[in-house]
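Asks: From TrEMBL, for reference:
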DOMAIN    1-66  domain 'Inner membrane protein YgaP-like transmembrane'
TRANSMEM  12-29  transmembrane segment
TRANSMEM  35-53  transmembrane segment
Amino acid sequence: MGCNVGKGDQIFRFILGVVLLLAYFLGWLSGTWGIVALIVGIILVVTAAVRFCPLYRILGVSTCEPQKG
């Protein structure tokens, strides 16, 4: 499992994930939309933390910078 989430992508995922989690936990979103926000928020924060996205792998996408050396 290599890196396929670059630095900019990682920052974007983390910020959006935290906003979605806050929206759920602070009650800004509830019901079905709240559950969707919770699930997507968790996925975004986890993929940002490990710098690997299974969907990117399936699609053959990588936003990581090429390895030097």
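A Cβ is built for glycine as well, from the same backbone N, Cα and C atoms used for every other residue.
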Asks: Give residue numbers and ranges for long-range contacts of the transmembrane segment (12-29): same chain, 6 or more residues beyond its ends, CB-CB under 8 A.
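Replies: Result: 5, 35, 37-38, 40-45, 47-49.
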Asks: Please list the DSSP helix, strand and coil residue counts for the domain 'Inner membrane protein YgaP-like transmembrane' (1-66).
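Replies: Its residues divide into 45 helix, 0 strand, 21 coil.
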